[in-house]
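Beneath this line is the structure, given in structure tokens, with notes to follow.
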Amino acid sequence: MESRGCAALWVLLLAQVSEQQTPACALGLAAAASGSPEDPQPPPFSGSSWLETGEYDLVSAYEVDHRGDYVSHDIMHYQRRRRRRAVTQPGGDALHLRLKGPRHDLHLDLKAASNLMAPGFMVQTLGKGGTKSVQMFPPEENCFYQGSLRSQGNSSVALSTCQGLLGMIRTKDTDYFLKPLPPHLTSKLNRSAQGDSPSHVLYKRSTERQAPRENEVLMITRKRDLARPHLHHDNFHLGPSQKQHFCGRRKKYMPQPPNDDLYILPDEYKPSSRHKRSLLKSHRNEELNVETLVVVDRKMMQSHGHENITTYVLTILNMVSALFKDGTIGGNINIVIVGLILLEDEQPGLAISHHADHTLTSFCQWQSGLMGKDGTRHDHAILLTGLDICSWKNEPCDTLGFAPISGMCSKYRSCTVNEDSGLGLAFTIAHESGHNFGMVHDGEGNMCKKSEGNIMSPTLAGRNGVFSWSSCSRQYLHKFLSTAQAICLADQPKPVKEYKYPEKLPGQLYDANTQCKWQFGEKAKLCMLDFRKDICKALWCHRIGRKCETKFMPAAEGTLCGQDMWCRGGQCVKYGDEGPKPTHGHWSDWSPWSPCSRTCGGGISHRDRLCTNPRPSHGGKFCQGSTRTLKLCNSQRCPLDSVDFRAAQCAEYNSKRFRGWLYKWKPYTQLEDQDLCKLYCIAEGFDFFFSLSNKVKDGTPCSEDSRNVCIDGMCERVGCDNVLGSDATEDSCGVCKGNNSDCVTHRGLYSKHHSTNQYYHMVTIPSGARSIHIYETNISTSYISVRNSLKRYYLNGHWSVDWPGRYKFSGATFNYKRSYKEPENLTSPGPTNETLIVELLFQGRNPGVAWEFSLPRSGAKKTPAAQPSYSWAIVRSECSVSCGGGKMNSKAGCYRDLKVPVNASFCNPKTRPVTGLVPCKVSPCPSSWSVGNWSVCSRTCGGGTQSRPVRCTRRAHYRDESIPASLCPQPEPPIHQACNSQSCPPAWSTGPWAECSRTCGKGWRKRTVACKSTNPSARAQLLHDTACTSEPKPRTHEICLLKRCHKHKKLQWLVSAWSQCSVTCQGGTQQRVLRCAEKYISGKYRELASKKCLHLPKPDLELERACGLIPCPKHPPFDASGSPRGSWFASPWSQCTASCGGGVQRRTVQCLLRGQPASDCFLHEKPETSSACNTHFCPIAEKRGTFCKDLFHWCYLVPQHGMCGHRFYSKQCCNTCSKSNL
């Protein structure tokens, strides 16, 4: 039990942190027993200190021997070195540690990570002017260890002992981080602790963002707020503050190499010179070595300090190395650091910013120019930055890393950028390096789930706190290692041994109730409400007043799960049983040999076996050795008229459209070594070539003059004994595995000087010569020339200089090299079939030309020279098509011994064969889908559809024929597809017209017009009218003309307006009258005599009403002071503004006293200043047989000047005036 004093001090120091609650989204870890996601539980750690959560444990660390007996508390590396010098200890580099705390008692069996750093590893510091310092890192300073926990299967440990214990402990249940406590905190805890004083803090990886760091604890002791560390993707939280992994860049880019003056030649390391690596075998499960260069930027240097940064970075990489040795990866990957570069200042050509994409591009280009002084290069480069990076902008955001996919071993793409986030940085590096190995995120284009808690999950959130490699990651890695690109990883590291001893299990020390308290607080207990729950798979706990909940973490090994039962390996078994032990994988039987890939010329056959007998499980090891074996088959020569195997593969694409066009393809062979096994073809008649396939068919020769063959995209060695992988070679005499005893090598030097621009004989090489080598001893301006005895020049003849390259003549292949910085060189393995004369085209000074060749010994057994035979042979061109019927041109050629073409005069002209066009490739082509052009999209925006004709066809007998769709490859190409998915601009939406305001004659009708979004894939939304200003707004009103109204329906009673009140106060009256009127179609009324409307019922309306009901004020003619008061005076009414139809008349009203303006009149007594007048209807003259029209073009001005009431204007402008009265 922990002492109360220690716990109290810890709670006091971390009081402020304990007030912070776990984000609500962390509840995704604790599921209620009911399983309802809508019923979230409160955070399990609310209101309690860190120590009470069970996520943290203060442990005491000390060294023990292999038996577990105490050795010393001095565990730091320099202390152990001093102690080992004083006392010889058994075990060599083995280290045994004990971590003991209130909740954990762990025994660590470790071994020095001797292969973490390459021989000659150095740390280089770069400043503005270049290298500032180079620090050697001798092997005895290696303070990094890897190993496992004793008696805990499937566990791993990666720690450094440089300055206390720092690193990672992985169990099958969860991942832990271990850190030393700061010295000032250690001393305080030591004064309050009883027994072993705690020196380290052990906490789960899922809580790292809350873990105490040295500067944070110092800030807390000063009663300041805890500085919030960077969030990263190893948090379980899914809230807005979570760091997401915007990484794994699929963009296949190739940055331009930097200029020569920007290349940096660092001397931070001097690794041992590599031997020439053998080619990596396909499908081999061998130990692979990733030689890694680590670069640390200035921001991260400032954060950790120059004195601590090396230890910190190597500790992180030691953890990364352990992650890549995890058994779930399905391979043996060793991370070996070949150099560490510390950037104290900005470097030319390297731009590091918040923008992760730009930083990655710059770093990949910059590191491509780095190499050791001995010319060695790293396989992989890692940039560690202290900046808060973002994948898409130059501002801080939630990105943790960035990397190209499948960039490993590439000079320009084997690089990653990683943001420093504490010890969790190791998982970021492993994740991004996984992308470089060709891995993509789980759940993105594969069958693995995002939430399974694997290292390649889009967001690093462990399952039960444990992180592993998914089956998809294993497949991606296996696929990458089977390519030629992985050749840089062929180095083999030394294996690391592990110790395993029996010991008491954690579940025996801490029962299920105690484990619940650690996870959910002091009041939590094992949930006993549902006995069907298996605590060996998920520990279910409950607190008072709450439902059962779990973090989906199994109970610890050895926990009691029933009567005489305990948990072992996730299963509840009888007490004493070990449960499922680690099962190591074993190979299945070999499969039968596959059919040969070629019928002649040397094909490939293979057989496979799987690691399934049984599969590795419960921490078992993966099978060692090869999953596939290969052998050559059908090695006999192909007939002389057969088509070249590589040319046949190119011809297969003649019937396939390339960017919309058909071409005739021929092999393009001027390739770099890494591209020999890619199918590069050049379009006949054009000057471009293209890689039509990333690998040729198995058995294709790597090059024309090589026995090596391509297998699964890699060039594999074939010996002269025709055995795959054999190192057998021919000696100078052409004898396979010979010792040069059957021939004599002739050597000489030609150093004469002559006049320039002439050919001079140097040496004559007889027929049958082998191992020919002619070379300049120094660079000169002269040229080596070769001809036969008949003065036919094959190289540099007739004062014409040929390009360097491969040349075939005299029955042999010659390799001609000429460079401006190297001497001229001509080589050939031979043998030649005619005498060759080597000459020198003399140009200036002759530094000397050396030559050598081999001839059979005179005493060797010779066979009499056979007389040459001359015969005709038909040489056919390639078929115009690869199938379905084509034509090829045939011509006759004269050959010596059916090998060497000679002049036609050597052959009998009477036996010359008939030549011309002949049919070829008449066999039907494979069925394929014939697709037409897409139709016009049904919509211009907002998501439409388009279709195209698709039919299954096969070319046979020179024409295309339709066949059933079932005979074509499935699935069928899509017939329909979406198109124009971009959002549509807003537009005016019109509603239906309402009914006309009239039932007959002329009226008005209305409709609604609104601006709406027109995207059919989303719900229409009303927008402001300003959003539709790009097009005019439709009308909302329009005139409607109906049938002519009947005469009798025009008559109606109209009521006039109320007249003015007869008095201003004290009881007056107002009147209005009913008049008979006739309404025209135009809407204008005409007053008629009342008798014409007698047949119509009068409306029941009040025609008189009282008004002026306000009492008249009673006031003296004088004011309160006895002075006289002013009175209101009104002028006569003005003339009415209209003679009919309603007008207005006005008058002036003033307050006067004795003829002078005054201001003391009562406002309520003020008379009206305006009044309605002439409210009767205007008469309309109607003449039979005429119609209303305008007689002048200026009639539109009449109503604007109010002249329609004038008799002349109303008559001459009848139409305009009638409309103005509407």
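Cβ atoms here come from the backbone N, Cα and C positions, even for glycine.
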Annotated range (Swiss-Prot: motif 'Cysteine switch') out of 245-253, 785-793, 830-838, 1109-1117: 245-253
Per Swiss-Prot, the disulfide partner of Cys600, chosen from Cys548, Cys561, Cys638, Cys650: Cys638
Alpha-carbon distance [Cys596 (disulfide bond); Cys638 (disulfide bond)] in Å: 14
Between Glu432 (active site) and Cys415 (disulfide bond): CA-CA distance (Å): 9
Cα-nearest neighbour of Cys448 (disulfide bond) within the listed disulfide-bonded residues, Cys516, Cys536, Cys541, Cys567: Cys536
Residue among the disulfide-bonded residues Cys527, Cys596 whose Cβ has the most other Cβ atoms within 10 Å: Cys527
Summary of DSSP states over the domain 'TSP type-1 2' (872-920), given as helix, strand and coil counts: 6 helix, 24 strand, 19 coil
Protein Cβ atoms within 10 Å of Cys541 (disulfide bond), excluding its own: 25
Which of Cys390, Cys409, Cys516, Cys548, the listed disulfide-bonded residues, has fewest other Cβ atoms within 10 Å: Cys548
From Cys364, Cys397, Cys472, Cys561, Cys567, Cys572: disulfide-bonded residues whose CA lies within 10 A of Cys548 (disulfide bond): none
Reduced DSSP assignment, Cys390 (disulfide bond): strand
Candidate recorded positions Cys390, Cys397, Cys409, Glu432, pick with smallest Cα gap to Cys600 (disulfide bond): Cys409
Composition by DSSP (helix, strand, coil) of residues within the domain 'TSP type-1 1' (584-639): 0 helix, 15 strand, 41 coil
Cys572 (disulfide bond) versus recorded positions Cys364, Cys409, Glu432, Cys488, Cys516 - nearest by Cα: Cys516
